[in-house]
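**Q** Pasting a structure here, questions to come.
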Amino acid sequence: PMNHTTVVEFVLLGLTDSRHLEITLFLFLAIAYFLILLGNISVISITLVNNFLQTPMYYFLRNFALLEITFTSTFIPSTLYSLLTEKKTISLPGCFLQMLFFYCLGTCTLFHMAVMSLDRYVAICHPLHYTAIMNKRLCLQLILSCWALSFLLMFPPTIMTVQLPFCSPNVMNHFYCDASQLLQLSCTDTGFIEKLMFIILIIILPGTLIVTAVSYGCIIITILHTPSSAGRKKAFSTCSAHLIVVTVFYSTCIYRYIRPAQRGGQHSDKILSFFFSVLTQMLNPYIYSLRNRQVKQALKESILKFS
């Protein structure tokens, strides 16, 4: 029989139960978080201070970098603290806030990736009309739409989850407050919320993936018609790097969230979550921005100036 003691906090089992492995994971995660902060702060700083990096592409990259910092900061600091101190608990309000920002900012990341792919499509496939189409007003509207849609879509199911009664046991086999496992801990029927979240994710994940895939498909077709072999090679190098990140991010997200729920949580869920929430975020600033010739040139000039 279920123990109906009211829950005031949750226990997050974390990434592993081995103390030696926890120390290794702490070092890896600390380095990953440092690289995420370093890469994204560098992108924001460079694109702000250099006049020739004020195009729409760098405007989107700057906002994407800010989004990555806020997204990873919702769970990595608390996970590092848990690995260091072995304190596995999180308060009920803290869990709900973490879940709200994790899913809202994660959704916003998907919308941003789709917007950036559209921007690259216009720049490569319609270069003569690029500045007219991607004007400042449209860029601002796209960015605000990403943030607004993310919160409008994810806020209702989160509020519904907050209002649920939770009873013991209060243990989640995860390293952050995961919605699917949180719903399993409620001592009331959560079928409607689970269906609502599934419908929302069905709209967001395949929808943004289609926009991204079609944009890159048109870009690749345009590249194939480029007469310069050097230009084709350079463009394919950039697109392939972007597509690798997009593929890893979407494949792990789709398999993690668009499938039948696993009761009690699975170890594979944590690994998949670690891939899309940490590893891809660590690679994004270096793949999307710091490999860019203009950004590298601006970075060199900044280093020379300050040295």
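Any Cβ shown, glycine's included, is placed from N, Cα and C.
Feature table excerpt (TrEMBL):
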DOMAIN    39-288  domain 'G-protein coupled receptors family 1 profile'
TRANSMEM  23-53  transmembrane segment
TRANSMEM  65-84  transmembrane segment
TRANSMEM  96-118  transmembrane segment
TRANSMEM  138-155  transmembrane segment
TRANSMEM  198-224  transmembrane segment
TRANSMEM  236-258  transmembrane segment
TRANSMEM  270-290  transmembrane segment
**Q** Are there residues at least six beyond either end of the transmembrane segment (96-118) with Cβ under 8 Å to its Cβ atoms? List them, or say none.
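**A** Distant Cβ neighbours of the transmembrane segment (96-118) are 57, 60-61, 63-64, 67-68, 70-71, 74-75, 78, 90, 142-143, 145-147, 149-151, 153-155, 158, 161-162, 176-179, 182, 204-205, 208, 211-212, 215-216, 242, 246, 249, 253, 277, 288.
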**Q** Give the nonlocal contacts of the transmembrane segment (270-290) in its own chain as ranges (CB under 8 Å, at least six residues past its ends).
**A** 15, 29, 32, 35-36, 39-40, 42-43, 47, 61, 64-65, 68, 71-72, 75-76, 106, 116, 173-176, 178, 241-242, 244-245, 248-249, 252-253, 255-256, 296, 299
**Q** Do any residues of this chain, six or more beyond the ends of the transmembrane segment (236-258), have a C-beta under 8 angstroms from a C-beta of it, and if so which?
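**A** Cβ under 8 Å, 6 or more out: 110, 113, 117, 180, 198, 201-202, 205-206, 209, 212, 216, 219-220, 223, 269, 272-273, 275-276, 279-280, 283-284, 287-288, 291.
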